[in-house]
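Per Swiss-Prot, these features apply:
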- GLU138: active site, proton donor/acceptor (ACT_SITE)
- ARG110, SER111, SER112, LEU113, ALA114, ARG115, ASP128, VAL136, LEU137, GLU138, TYR171, LYS178, GLN182: dCTP binding site (BINDING)
- 170-179: compositional bias 'Basic and acidic residues' (COMPBIAS)
- 168-193: region 'Disordered' (REGION)
Amino acid sequence: MRLCDRDIIKWLDEGKLVIAPRPPIERINGATADVRLGNQFRVFCGHTAAYIDLSGPKDEVSAALDRVMSDEIILPDDEVFFLHPGELALAVTLESVTLPDDLVGWLDGRSSLARLGLMVHVTAHRIDPGWHGQIVLEFYNSGKLPLALRPGMVIGALSFEPLSGSADRPYNRRQDAKYKNQQGAVSSRIDED
(Lines of atoms letter the chains of each structure in order from A and count residues from 1; the text may use other names and numbers.)
(Lines give C-alpha, C1' and ligand atoms only; values in the text may rest on other atoms or scores of the structure.)
Protein backbone atom coordinates (compact mmCIF):
# COMPACT_ATOMS: atom_id res chain seq x y z
CA MET A 1 0.00 0.00 0.00
CA ARG A 2 1.49 3.35 -1.02
CA LEU A 3 1.83 6.26 1.37
CA CYS A 4 -0.82 8.97 1.11
CA ASP A 5 0.15 12.65 1.21
CA ARG A 6 -0.47 12.84 4.97
CA ASP A 7 1.88 9.89 5.56
CA ILE A 8 4.55 11.24 3.19
CA ILE A 9 4.56 14.44 5.26
CA LYS A 10 4.70 12.39 8.49
CA TRP A 11 7.67 10.31 7.25
CA LEU A 12 9.43 13.54 6.18
CA ASP A 13 8.70 15.21 9.54
CA GLU A 14 10.04 12.17 11.41
CA GLY A 15 13.18 12.06 9.25
CA LYS A 16 12.54 8.48 8.11
CA LEU A 17 12.27 9.73 4.51
CA VAL A 18 14.42 12.62 3.28
CA ILE A 19 13.85 14.72 0.17
CA ALA A 20 16.30 17.63 0.03
CA PRO A 21 15.38 20.30 -0.58
CA ARG A 22 12.05 19.35 0.91
CA PRO A 23 9.07 19.94 -1.39
CA PRO A 24 6.63 22.60 -0.19
CA ILE A 25 3.29 21.33 1.10
CA GLU A 26 1.53 22.26 -2.16
CA ARG A 27 3.85 19.84 -4.02
CA ILE A 28 2.80 16.84 -1.88
CA ASN A 29 -0.60 15.66 -3.09
CA GLY A 30 -2.67 12.49 -3.03
CA ALA A 31 0.05 9.85 -3.03
CA THR A 32 3.06 11.71 -4.47
CA ALA A 33 5.72 14.32 -3.86
CA ASP A 34 6.84 16.35 -6.89
CA VAL A 35 10.48 16.48 -7.96
CA ARG A 36 12.11 19.12 -10.13
CA LEU A 37 14.66 19.04 -12.91
CA GLY A 38 18.25 19.68 -11.91
CA ASN A 39 20.80 21.40 -14.13
CA GLN A 40 23.07 18.46 -15.01
CA PHE A 41 22.72 16.54 -18.29
CA ARG A 42 24.53 14.03 -20.50
CA VAL A 43 23.89 13.31 -24.16
CA PHE A 44 25.13 10.81 -26.70
CA CYS A 45 27.98 12.28 -28.74
CA GLY A 46 28.16 12.04 -32.49
CA HIS A 47 29.82 8.71 -33.13
CA THR A 48 30.48 6.19 -35.86
CA ALA A 49 30.17 3.02 -33.77
CA ALA A 50 27.76 0.57 -35.34
CA TYR A 51 26.86 -0.85 -31.91
CA ILE A 52 28.01 -1.41 -28.34
CA ASP A 53 28.53 -5.06 -27.38
CA LEU A 54 27.12 -4.96 -23.85
CA SER A 55 28.21 -8.53 -23.17
CA GLY A 56 31.78 -8.01 -24.35
CA PRO A 57 34.89 -7.71 -22.17
CA LYS A 58 34.48 -5.05 -19.46
CA ASP A 59 37.34 -2.87 -20.72
CA GLU A 60 35.87 -2.80 -24.25
CA VAL A 61 32.38 -1.96 -22.95
CA SER A 62 33.86 0.79 -20.76
CA ALA A 63 35.83 2.26 -23.69
CA ALA A 64 32.75 2.17 -25.94
CA LEU A 65 30.64 3.96 -23.33
CA ASP A 66 33.33 6.62 -22.91
CA ARG A 67 33.32 7.22 -26.69
CA VAL A 68 29.56 7.72 -27.01
CA MET A 69 28.63 9.63 -23.82
CA SER A 70 29.31 13.32 -23.35
CA ASP A 71 30.94 14.82 -20.33
CA GLU A 72 28.44 16.20 -17.86
CA ILE A 73 26.76 19.37 -19.11
CA ILE A 74 25.94 21.85 -16.34
CA LEU A 75 23.43 24.52 -17.34
CA PRO A 76 23.10 27.89 -15.65
CA ASP A 77 19.65 28.24 -14.07
CA ASP A 78 18.47 30.72 -16.73
CA GLU A 79 19.28 28.45 -19.71
CA VAL A 80 17.23 25.67 -21.29
CA PHE A 81 18.11 22.18 -22.44
CA PHE A 82 16.63 21.22 -25.81
CA LEU A 83 15.65 17.59 -26.32
CA HIS A 84 14.96 16.90 -29.99
CA PRO A 85 12.61 14.24 -31.38
CA GLY A 86 14.17 10.78 -31.19
CA GLU A 87 16.89 11.86 -28.77
CA LEU A 88 17.84 10.19 -25.50
CA ALA A 89 19.52 12.23 -22.78
CA LEU A 90 20.31 11.78 -19.12
CA ALA A 91 19.37 14.39 -16.55
CA VAL A 92 19.03 14.50 -12.79
CA THR A 93 16.49 15.61 -10.22
CA LEU A 94 17.24 18.77 -8.30
CA GLU A 95 16.33 16.90 -5.13
CA SER A 96 18.38 14.25 -3.38
CA VAL A 97 16.39 11.40 -1.85
CA THR A 98 17.17 9.11 1.08
CA LEU A 99 14.98 6.07 1.71
CA PRO A 100 15.02 3.89 4.82
CA ASP A 101 15.55 0.14 4.56
CA ASP A 102 11.80 -0.57 4.76
CA LEU A 103 10.54 1.75 2.00
CA VAL A 104 10.68 1.55 -1.81
CA GLY A 105 10.10 4.57 -4.04
CA TRP A 106 8.65 4.93 -7.52
CA LEU A 107 9.28 7.73 -10.01
CA ASP A 108 6.57 8.65 -12.48
CA GLY A 109 6.71 11.29 -15.19
CA ARG A 110 4.02 13.93 -15.46
CA SER A 111 1.04 13.16 -17.66
CA SER A 112 1.15 16.68 -19.13
CA LEU A 113 4.73 16.10 -20.32
CA ALA A 114 3.98 12.59 -21.61
CA ARG A 115 1.22 14.06 -23.76
CA LEU A 116 3.92 16.09 -25.51
CA GLY A 117 6.07 12.98 -26.08
CA LEU A 118 8.48 13.30 -23.14
CA MET A 119 9.40 10.09 -21.38
CA VAL A 120 11.02 10.92 -18.04
CA HIS A 121 12.33 7.42 -17.36
CA VAL A 122 12.86 4.86 -20.07
CA THR A 123 12.46 1.82 -17.80
CA ALA A 124 14.17 2.45 -14.49
CA HIS A 125 11.62 3.96 -12.12
CA ARG A 126 12.19 2.00 -8.90
CA ILE A 127 14.14 3.64 -6.08
CA ASP A 128 15.53 0.88 -3.89
CA PRO A 129 15.26 0.68 -0.10
CA GLY A 130 18.38 2.27 1.39
CA TRP A 131 18.87 4.60 -1.59
CA HIS A 132 20.66 7.91 -1.06
CA GLY A 133 21.35 10.39 -3.84
CA GLN A 134 19.89 12.26 -6.75
CA ILE A 135 17.74 10.38 -9.24
CA VAL A 136 18.97 10.11 -12.81
CA LEU A 137 16.27 10.66 -15.41
CA GLU A 138 16.43 8.88 -18.76
CA PHE A 139 14.71 11.39 -21.06
CA TYR A 140 13.40 10.39 -24.47
CA ASN A 141 11.49 12.67 -26.82
CA SER A 142 9.00 10.55 -28.75
CA GLY A 143 7.12 13.62 -29.95
CA LYS A 144 7.38 15.64 -33.14
CA LEU A 145 8.83 18.89 -31.74
CA PRO A 146 11.94 19.81 -29.77
CA LEU A 147 11.18 20.28 -26.07
CA ALA A 148 12.77 23.07 -24.02
CA LEU A 149 13.45 21.80 -20.50
CA ARG A 150 14.32 24.29 -17.76
CA PRO A 151 16.17 23.49 -14.56
CA GLY A 152 13.75 23.85 -11.65
CA MET A 153 10.62 22.81 -13.56
CA VAL A 154 8.47 20.07 -12.01
CA ILE A 155 9.48 16.98 -13.96
CA GLY A 156 7.95 14.04 -12.10
CA ALA A 157 6.49 12.69 -8.90
CA LEU A 158 7.67 10.17 -6.33
CA SER A 159 5.43 7.71 -4.54
CA PHE A 160 6.48 5.46 -1.67
CA GLU A 161 5.50 1.98 -0.60
CA PRO A 162 6.35 0.45 2.79
CA LEU A 163 7.82 -3.06 2.64
CA SER A 164 6.70 -5.99 4.78
CA GLY A 165 9.92 -5.48 6.78
CA SER A 166 13.40 -4.00 6.49
CA ALA A 167 15.39 -5.23 3.50
CA ASP A 168 18.31 -7.51 4.40
CA ARG A 169 20.41 -6.01 1.58
CA PRO A 170 19.36 -2.37 1.14
CA TYR A 171 21.08 -0.42 -1.61
CA ASN A 172 23.34 1.58 0.70
CA ARG A 173 24.89 -1.60 2.17
CA ARG A 174 25.37 -3.57 -1.05
CA GLN A 175 28.97 -4.03 -2.17
CA ASP A 176 27.89 -4.17 -5.83
CA ALA A 177 25.82 -0.95 -5.74
CA LYS A 178 27.09 0.98 -8.78
CA TYR A 179 25.23 4.23 -8.15
CA LYS A 180 25.62 4.57 -4.37
CA ASN A 181 25.41 8.23 -3.20
CA GLN A 182 24.77 9.29 -6.80
CA GLN A 183 25.21 12.98 -7.54
CA GLY A 184 24.82 14.39 -11.04
CA ALA A 185 23.81 12.84 -14.36
CA VAL A 186 25.79 9.62 -13.96
CA SER A 187 26.01 7.60 -17.17
CA SER A 188 25.58 3.84 -17.47
CA ARG A 189 27.93 1.68 -15.45
CA ILE A 190 26.88 -1.53 -17.20
CA ASP A 191 30.59 -2.33 -17.56
CA GLU A 192 30.73 -2.87 -13.77
CA ASP A 193 28.28 -5.80 -13.89
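Yeah, the Cβs are placed from backbone N, Cα and C, and that goes for glycine too.
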Using a 10 Å radius on the Cβ of the residue listed as 'active site, proton donor/acceptor', the other Cβ atoms enclosed count 16
Enter the number of other CB atoms within 10 angstroms of the CB of SER112 (dCTP binding site).
9
Integer Å distance between the CA atoms belonging to GLU138 (active site, proton donor/acceptor) and ALA114 (dCTP binding site):
13
Most Cβ neighbours within 10 Å: which of the binding-site residues ALA114, LEU137 is it?
LEU137
Out of the binding-site residues ARG110, SER112, ASP128, give me the one sitting nearest to GLU138 (active site, proton donor/acceptor) by CA distance.
ARG110
What does DSSP call LEU137 (dCTP binding site) in the simple three-state scheme?
strand
